[in-house]
Structure formats: C-alpha cells, structure tokens
Amino acid sequence: MLTDNRKIFLIGPMGAGKSTIGRQLAQRLNLEFFDSDREIETCTGVNISWVFDVEGEVGFRNREEKIIDELTQKKSIVLATGGGSIKSHIARDHLAKRGLVIYLKTTIDKQLVRTKRDKRRPLLKSSTLFNYQNLRELLEDLAKERNPLYEEISDITVSTDEYSVKCVVNKILVLLKKNGAIYKD
C-alpha cells in the first residue's frame with residue numbers, strides 16, 4: 001500500500017512499456033490505472049492519430065496537457081503518459097509536483113522491435129517519417145530531444161530492455177519500498 005504518495009506517473013519513450021507495465025503495477029498496488037492517450041480518445045471519441053491528423057501536433061499536445069492536469073489531480077492512481085507529454089513544461093510541472101515520476105527507459109533497438117507494427121502511434125505514420133531516412137533516425141532525434149526532459153523530472157529510472165513485464169513491475173515495487181513510497185509487506 002502506498003503511504004504519502006498515492007500517485008505514480010510513468011514517463012518514457014514510445015515502446016518503453018508504460019501502458020503494459022502501468023496496468024500491472026496498478027493492479028499490484030490496488031490503484032486505478034489511467035493512460036493519457038486512451039483518455040484523450042475517450043474524451044474525443046476518436047483515436048489519437050485522427051486528433052493528430054486533424055488538429056496537428058500542437059492541438060494534440062494542448063489536449064494532452066489538459067488531460068494530464070486533470071489526471072494528476074486524482075488520488076490513488078498509476079498514470080501512463082504519452083511519450084511526448086513531457087514536451088510541455090506545464091505537463092512536466094504537474095507530473096513532477098503532484099506525484100512520484102518513474103522514467104521507463106529503453107533503447108532505440110528495443111523501441112524498433114516493440115513499435116514495428118503499431119499503427120496507433122501518430123509519430124510513426126508515413127507523413128511524419130517523410131523527413132527521415134528511416135524510423136531509427138526519427139527515434140534518435142526524439143531521444144535527443146526528450147531524454148533530458150524525462151531525466152529532469154524523474155524520481156526513479158528503470159530500464160525495461162532486458163526484463164519481462166513482471167520483472168520490471170517487481171523491480172519498481174522494490175524501488176518504491178526502498179524509497180519509502182510504499183509500506184513493506
């Protein structure tokens with residue numbers, strides 16, 4: 001059971017496992033799970049790719065900022081954020097000040113494997129890739145831009161590369177106990 005900090009926010013690049021790990025972590029801690037991308041889809045009634053196409057990245061990021069503001073005010077949650085949510089200084093501020101931020105870190109090689117066939121990610125659409133030689137180049141640019149922002153607000157960093165989901169969740173639980181964020185069982 002969490003003590004003072006009953007809010008856990010997962011950040012990191014696409015393909016790091018935020019949604020999958022977040023669901024299991026929430027279940028283990030008996031907390032409610034939210035995914036900011038799914039919440040945007042619920043609010044708009046369309047998928048995030050459509051929002052990206054119609055409103056552009058700026059419109060999408062504005063929606064994302066509002067959703068993160070709302071969700072970070074909830075109690076007893078695990079929140080999986082979109083990979084680009086940290087681009088907004090307002091969203092970063094909400095995440096950093098309102099809960100415990102866990103940076104799920106992964107390599108570009110793992111991102112390539114995990115996102116290869118994913119059609120739901122707006123940044124992986126061919127129109128975005130138009131300016132890049134390949135997906136690796138895009139992911140490298142995103143990493144250069146975003147990794148320092150993930151590191152800036154994270155309380156805990158966990159690599160998801162060589163571990164199963166269960167193993168990563170267990171690792172997070174150990175770190176939460178070590179940091180005094182949850183009672184020892």
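Each Cβ is built from the backbone N, Cα and C atoms, and glycine gets one as well.
Together with Asp37, Arg61, Arg146, the substrate site in Swiss-Prot holds one more listed residue from Gly83, Gly99, Gly180, which is Gly83. Taken over all pairs of the listed substrate-binding residues (Asp37, Arg61, Gly83, Arg146), the Cα spread reaches a maximum of 18 Å, rounded to the nearest whole number.
The number of other CB atoms found within 10 A of the CB of Ala16 (ATP binding site), across every protein chain shown, is 27.
Counting Cβ atoms from all protein chains shown, Arg146 (substrate binding site) has 18 others lying within 10 Å of its own Cβ. Between the C-alpha atoms of Arg146 (substrate binding site) and Ala16 (ATP binding site), the distance comes to 13 Å. Of all Cβ atoms in the protein chains displayed, 25 besides its own lie within 10 Å of the Cβ of Asp37 (substrate binding site). When the Cα atoms are compared, Ala16 (ATP binding site) and Gly83 (substrate binding site) turn out to be 9 Å apart.
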